[in-house]
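Per TrEMBL, these features apply:
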BINDING   B:269, B:273, B:299  Zn(2+) binding site
ACT_SITE  B:270  active site, proton donor/acceptor
């Protein structure tokens with residue numbers, strides 16, 4: 001009896017390990033394609049990626065897997081399974097259930113549709129021509145509406161999509177959280193825009209050689225306790241971090257020689273993602289639990305480091321000298337306070353990926369409200385550009401002059417990623433909550449930054465978040481770590497206090 | 001009927017394409033591990049490699065594949081197949097036949113044996129302690145002796161091993177070729193060793209910054225018509241070139257800052273391999289024919305470029321200025337003739353990978369004679385170190401002072417690659433034959449080098465060799481291109497004439 005049980009568990013673990021091995025090789029190919037793979041091999045490499053992805057899909061929906069899952073669920077068997085096995089079974093079941101409810105023909109057509117839509121979108125964006133892209137987006141929205149019915153939901157249709165990116169989160173929660181954020185941020189943006197004492201910024205845009213930026217980036221990553229023996233730093237067009245396994249988590253960045261902030265804050269941001277993946281407990285290797293638990297929790301890690309560490313005054317008390325040492329004299333006449341205000345300049349803008357930490361959430365809220373309305377049939381694609389422009393005016397007080405800098409700016413909708421956007425702002429909200437909780441255990445947070453002693457910060461995050469991989473859900477992590485559900489008040493408090501200070505409004 | 005035939009062919013082609021996709025992802029992982037993959041992820045990556053390699057092995061020996069091969073061999077079907085399909089069927093059959101004749105348990109044990117043997121060898125080599133390695137090598141030799149019986153052979157047992165690396169070549173042919181080489185080279189080595197006018201070499205060993213060596217390497221690769229849009233150049237410990245597909249063929253090199261020759265000649269050598277893989281006809285992509293046809297023909301390409309181009313006086317008439325431009329003044333007082341003589345310094349040495357182009361073949365012949373004797377039971381492993389030292393004395397007039405610089409120096413035997421060594425010298429013999437044939441069509445070969453116009457050379461090699469991939473056997477390529485079988489007289493003629501000139505023996 002016991003032997004049979006063990007054998008089934010072992011066979012299941014071998015099976016999912018094989019899936020993880022395929023995924024690791026897919027990950028390496030993806031990293032390679034984005035960091036230096038030769039142009040002429042790319043289309044062939046895409047075919048290889050397709051073959052391996054199909055293999056993963058086939059294995060994740062196979063009769064063999066279903067057999068394991070059913071067998072392991074038998075009461076006498078289940079009770080004896082290791083925790084990691086149980087969690088892996090649950091994760092496999094969840095994926096399987098989703099795949100099974102989607103009509104295969106519709107899924108296949110959708111993969112082709114989004115692939116073509118991305119090509120059409122590139123052109124439409126450059127031409128600022130929404131009309132040519134509209135038919136694609138209509139089909140994508142239509143599929144996503146049907147998708148919510150196939151996979152099912154409680155309450156709002158949009159909850160079905162949220163479940164793919166931020167399991168446990170619902171429209172009710174998000175409406176409340178984003179409502180509070182809006183209420184606080186919209187007037188704050190106005191306040192700082194009208195402030196008389198605007199930060200000086202001219203010194204930011206001076207030539208800063210790429211190789212010096214790289215040296216600086218490496219030194220900061222090391223301070224963060226990013227492990228270069230378990231990773232590497234490369235350049236790319238759209239920076240990302242990727243975890244192939246906890247011993248191989250790669251960071252990418254880019255060096256804008258006329259604006260060092262791109263690399264410095266981008267590297268810290270991706271470094272935050274990388275620390276998460278490097279510090280997942282090794283017991284999860286070879287299972288679907290060996291990754292970050294959600295997009296939002298992942299973003300909480302990157303934004304924690306980028307904003308609460310990297311844009312903190314005390315961080316630069318330590319690192320300003322290092323920055324100066326690597327720069328070509330551009331900060332020689334700039335005192336630390338002027339520098340700090342400069343790197344924290346904020347205000348309304350049109351483009352999300354160029355937005356500052358204060359207005360960023362408003363860009364996300366706009367997208368969330370629009371896509372929720374689309375999915376629920378309260379808004380049609382034909383009316384989206386107008387709705388977009390109105391929303392930008394309402395939240396940020398700016399109006400795009402054309403759709404290229406408006407509704408067409410992001411790749412998410414062309415690629416079919418509805419339900420993804422909220423994770424960005426939720427991650428930021430989580431990060432502020434984590435900061436509050438961390439400060440109870442590390443009351444000398446500020447002094448740690450001043451000393452450049454970032455190890456205790458990294459260790460706290462590992463202890464509370466990283467190590468668990470995907471074995472805990474987002475809200476479970478939040479509850480265990482902060483004792484609360486999603487609560488935007490800490491982020492609001494932080495932004496109000498920081499930006500009134502940066503803009504000398506209360507002074 | 002026709003439809004059924006087409007379907008079977010198509011299904012077979014889809015099947016072998018999938019194998020090629022797995023192999024491509026294995027290739028990328030192998031490249032990555034050797035060029036910069038983080039240390040801590042390496043053992044996990046090895047597991048992934050193992051999973052994918054097992055998948056390739058399973059697919060290459062599956063009932064499904066056998067079914068295709070049998071079906072396609074039916075006369076009515078066979079006659080209608082495309083040439084590429086026929087060649088692929090033959091290649092699959094050949095591999096399958098080999099695998100089928102090896103007892104699976106023996107094969108599995110051998111994989112573990114060689115893996116452990118490599119570890120034991122590393123230590124034995126460092127300690128110059130043959131005794132600790134001897135038991136491993138005895139088992140490896142034993143397996144290879146049995147292997148020859150399992151897979152079968154005509155004439156000499158060793159022919160079974162040759163077939164894995166250089167199909168069509170036999171002990172009879174090689175004994176004749178290597179016999180002639182020995183007869184000419186042994187006295188030639190003596191002649192140049194005793195020559196009074198030895199080349200000046202002190203100027204070779206001066207500091208030459210790595211980044212300048214890289215710039216130089218890139219410029220030379222471009223001249224060779226290596227396509228950087230279908231490849232990239234990286235650094236590694238033991239340089240290699242790897243073809244993932246014809247659109248992605250990567251070169252690696254290393255920069256010794258006290259001896260620029262390592263990078264310059266190493267890059268040209270690997271570039272020669274890479275040109276082969278970059279210029280295989282696209283129709284072979286996705287089949288087992290999309291690679292070089294044999295180790296020897298591959299080596300003929302790398303050695304052609306390294307020696308007949310890169311060590312040619314006329315090549316440096318063009319490139320000496322470029323070298324000087326990148327160097328730190330080390331050649332300022334060195335005229336072109338002195339330089340040319342210096343880079344062509346030759347003479348007996350103990351270590352194969354450090355040998356010059358003149359003595360290199362003798363290192364190979366020594367290994368060939370020893371491993372042939374081992375396989376035929378004319379020599380036992382216990383007597384190998386002594387036999388090695390005697391052989392070195394006989395061929396090169398030098399005797400190792402310990403086994404670390406003798407019998408233990410190469411990884412080939414620990415890794416089980418018996419039958420591989422001859423390819424190196426055969427490749428050199430082929431290269432000299434190709435050079436002779438090329439000069440009939442390109443009588444201005446020397447002038448092309450002087451002008452740095454290397455495109456016609458590359459195109460000739462593509463036309464005659466590269467494009468065919470593995471669809472022609474080594475001797476077929478040789479016959480079609482040179483009208484001959486293996487003939488060492490051109491290499492002998494070249495070496496005698498060049499080295500008497502370099503050493504001013506006839507002057």
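Positions of Cβ are set from backbone N, Cα and C atoms, glycine also.
Proximity of residue B:269 (Zn(2+) binding site) to non-local residues of its own chain (separation of 6 or more, Cβ distance below 8 Å) is seen for B:239, B:302, B:303, B:305, B:306, B:310, given in sequence order. For the residue listed as 'active site, proton donor/acceptor', other Cβ atoms within 10 Å of its Cβ number 26. Neighbour counts of Cβ atoms within 10 Å were compared for the binding-site residues B:273, B:299, and the top value is held by B:299.
Calculated from their C-alpha atoms, the gap between residue B:299 (Zn(2+) binding site) and residue B:270 (active site, proton donor/acceptor) amounts to 10 Å.
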